[in-house]
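*Asks:* Got a structure for you, questions after.
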């Protein structure tokens, strides 16, 4: 017979781990024994048991060993790792940090190496090498070197400045001092000399030099307060608590010097809120968790002195582990721009090859027979053609713009500053400006298709107020009519009878106060007592007043409510908690705290009363609480009805319950609890299992209801974004009914919206899968690509789905593995093949079902996913990214939104009440959801339009410049001779045409910000990629080709058979080059003037200044003086003055410019007249629209002030805090439909643009 231990063990190497999400499988128990009672081969049992013992002996989680006050212990040979060949170093890092990248010797080679890893820079380096070969190059070396040095120099200077700053910062930090036990006494040493195992002393306002275990503190109850602003951006204080035994014995220097504790813990990692370890001391073991660890970068506050043991130092600390490279996000335009550069490169190769073939043919037909062209070498025509191929690669290299990427980064940097400087996105109440935390994604803000938003703190204010409650089936908090109770009044409840009341709670139900004071219903007092004792809040006193420090607004609201109703939490230690119960102080022994996590969705505390009885108090989500209630709870239905009512009013709810525990039961359970607490591996899973054993047969007390108001401007913002064809999905931890009512409150849902729930979706997807399978044969994957809509066109549909249904629909539900012993038998090839095919079919089915779900959801006008975890939020975002190829934006304010924010193309953080984790992980941040409309509809749209105009013009001007060489090659024997002076080629992209296009990319705007917000339909140009795509690219290419033809052939025709004023023919090569170059500079600068929609003095100055700069430099470079100094570099002596004094040369230039620009002007006029865009129509009427905006102020159609609908209590998803969720039925309230409002706005917009 197999033992119980064996029956719980799986040895199948292909089995999935318990916590992994796997699809449904029909062969889940393929290798399991059918009969548990069958006799198992003894040898196999023995092998399995030995393998299990071996696996237990090897501790994967806790392999980091630290011994206090013993540096030699950490220098043992088995702690040394081989770094390079025979060079070894200790696995324990020193505490010196090194964030800089270069030093005085390595800066130049390393920086150049990093820069030449970029394809564009390496390409131009190859060109520079080719230009050094005389047989190939017809261009001077400086034509490529000067632009390349400019690009490399700017980047190198930026990198040098950054690295010098890092050097200074590292030196400053490493040279900070700290007190460390050395030779039995505290001595002051530098941070860089601290080592793992050292015992250190820290004082108030000291920075923590390493990750340390808190040993003792001068504060009562071994508390230590820290500020974690450098870790997570939060300025509110957090508390840490030492072990009672270390705090008791390690207060004086002598005891600290002789402390010889031994720690086994997890290896260094980047999880800031997780730590697992065990302290072995005095023949006892003590569990360690994150609450006992002080992390490097934090600051000691409100604590005079504390002592700690260094566990991780330097590069091993958690803050350094988190300083690695973040995932680099790139925009859609980035990818498209790279593909276009590749296209240009291919065109360059093809054109160069064609011209090289032409040169080989010309050499064979003409060159070999022309004695005056003999160069002394008897090379074959094909060899000369081969050399000329590389010559044309050099001459035409400006088709691939070297300054493109630098210019793009400059424009993005400027656009980011405009976002930072926007006062209309500044929240004065909290002094919080908008912040562009990345500079590479601005134009993508103008292409968003889907917004994924958290609810609590994002759509709502996350300022919690206790409003109602249900106790023993009775609802309290509503106004009570005088007929119901003679003493009830409508005015606010007076809490002056309570000395601990804070005077801030607005409550109207006087009957609840009477119930508390009379004590007629013990459950009422028990209800508020539970709120005062079951929490993780800390208390301190400021000017004699109690001040609570809660990690979440929810927790603070509940504890404050209990305080106002007479049950004030006063103090806590590691083992006790003191509460004032209607003026009488009582202290309870805390026996265990059963912490919160996102899977448990509840928190419990076990206390011993002064009378000696043991009780468990629990609060959490109704879904998990109701599963654990005793079957004889008489008020279950009444409380459920109350939860429904609270949910309909969008109040955040949670359930409260308790149970009596017998001494024997607790003793048995506590032994398991202590064993799980010191488990070396899988500690969290072991604790959760132990928690489940005690949290059952609970007695329901009631439910709380907390108000969380909508933020200002949320409905208006959502309406405008909807008009911009942006779909909004709300992903929240709230229950279905609460989330639905929030949807109505923020106008995401309307009364004529048809809502589909999980059952409906599952049925639709099942039908679609069957149809696809029938059409496609064996697998839906091979179904014909015919898209059929799920709903009839024109229907207003919304989708509301819970996390459990999401797993069900997407085949992501966890499967429970059987506890039957699996034996590992060899499989035949046929069995492996069948198993592989089965898995492949499951993956295909899963993939097709996911795609169908995304198609269905994207047909809906709104999607609300409720009861979802942080992992599910990220999964939903990823599904839309994967199957719709749409640009996504995720916005949230809490730690549970970080994964979603990082997954989306654009992440936006709200700096709210839940700390700064979301902000620090985001690409953009601000304080209010309503600023999102300005970020997208103004800054995003402007950035997209500017970048598109910049890229189109940049490619155009480079093609117009470069292809003149192409036309010239037909007249010079395809000899790779340039059409311009070398210095003009060098400075064209650097000085003559760079500033105007940069300013257009920074300042241009088609319509004002007010009109952009007034007409959100303008936003669709970015969503549809209308302004920059391959079609636009080839139009710009064709425009450049035609411009180059005009620039070459008109001057060529003008120079043929002409005579100057002096009777001589000026048709020399140098005069021709000056004429073409002058016409080119004027044309491309005037062209950008035609492309500019928003004129400023700066734009005008840059255009005319660039032309003036060209002529000034040209006359200087063509002067005799500079030729005398540098005769080989400046060979166009006198060309400019001689050529440009001829009137017909100016006439030629003017004619060339006119022929280039007049067709553009004509096409623009016809386009705006016959096929005007939406922005063209608005520009045409902007004066009238501006007058209307000024004189006809319309009243907003949206309600302002406090909304009657409120938010519900959502998941916290943070370890250590109770999970607060609501449940109930949705009770819709009749409202004026939003469609009418939108229709009015749309009609006005159409009337405006059509008139």
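Just so it is clear, glycine is given a Cβ too, placed from its N, Cα and C backbone atoms.
The following feature annotations were taken from Swiss-Prot:
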- 454: active site, 4-aspartylphosphate intermediate (ACT_SITE)
- 1-52: region 'Disordered' (REGION)
- 1-121: topological domain 'Cytoplasmic' (TOPO_DOM)
- 166-339: topological domain 'Cytoplasmic' (TOPO_DOM)
- 407-952: topological domain 'Cytoplasmic' (TOPO_DOM)
- 1004-1032: topological domain 'Cytoplasmic' (TOPO_DOM)
- 1164-1251: topological domain 'Cytoplasmic' (TOPO_DOM)
- 122-142: transmembrane segment (TRANSMEM)
- 145-165: transmembrane segment (TRANSMEM)
- 340-360: transmembrane segment (TRANSMEM)
- 386-406: transmembrane segment (TRANSMEM)
- 953-973: transmembrane segment (TRANSMEM)
- 983-1003: transmembrane segment (TRANSMEM)
- 1033-1053: transmembrane segment (TRANSMEM)
- 1072-1092: transmembrane segment (TRANSMEM)
- 1095-1115: transmembrane segment (TRANSMEM)
- 1143-1163: transmembrane segment (TRANSMEM)
*Asks:* What is the total of other Cβ atoms whose distance to the Cβ of residue 454 (active site, 4-aspartylphosphate intermediate) is within 10 Å?
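*Replies:* Cβ-Cβ neighbours of residue 454 (active site, 4-aspartylphosphate intermediate) within 10 Å number 29.
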*Asks:* Verify whether three or more Cβ pairs under 8 angstroms connect the transmembrane segment (122-142) with the transmembrane segment (386-406), leaving out any pair fewer than 6 apart in sequence.
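*Replies:* Contact criterion met.
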*Asks:* Three or more CB pairs closer than 8 Å, sequence separation of 6 or more: does that hold for the transmembrane segment (340-360) against the transmembrane segment (953-973)?
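*Replies:* When sequence-distant Cβ pairs are counted, the transmembrane segment (953-973) touches the transmembrane segment (340-360), since at least 3 lie under 8 Å.
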*Asks:* If you count Cβ pairs under 8 Å, which stretch among 953-973, 983-1003, 1033-1053, 1072-1092, 1095-1115 touches the transmembrane segment (145-165) the most?
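*Replies:* Selected stretch: 983-1003, with the most Cβ pairs under 8 Å.
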*Asks:* Once the DSSP letters are reduced so that anything not helix or strand counts as coil, what is the residue listed as 'active site, 4-aspartylphosphate intermediate'?
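*Replies:* In the DSSP reduction, the residue listed as 'active site, 4-aspartylphosphate intermediate' maps to coil.
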*Asks:* When you check the transmembrane segment (953-973) against the transmembrane segment (1072-1092), do you get at least 3 Cβ pairs under 8 Å, counting only pairs 6 or more apart in sequence?
*Replies:* yes
*Asks:* Please identify the stretch among 122-142, 1033-1053, 1072-1092, 1095-1115 with the greatest number of Cβ pairs below 8 Å relative to the transmembrane segment (983-1003).
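*Replies:* That would be 1095-1115.
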*Asks:* With DSSP, how much of the topological domain 'Cytoplasmic' (1004-1032) is helix, how much strand and how much coil, in residues?
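*Replies:* Counting residues per DSSP class in the topological domain 'Cytoplasmic' (1004-1032), I get 17 helix, 0 strand, 12 coil.
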*Asks:* Checking distant contacts: for the topological domain 'Cytoplasmic' (1004-1032), what same-chain residues at least six beyond its ends satisfy Cβ-Cβ under 8 A?
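*Replies:* Distal contacts: 332-333, 336, 340, 424, 443, 446-449, 720-721, 723-726, 887, 933-934, 936-938, 940-942, 944-949, 951-952, 1092-1094, 1173-1175, 1178-1179, 1182, 1185-1186, 1189, 1245, 1249.
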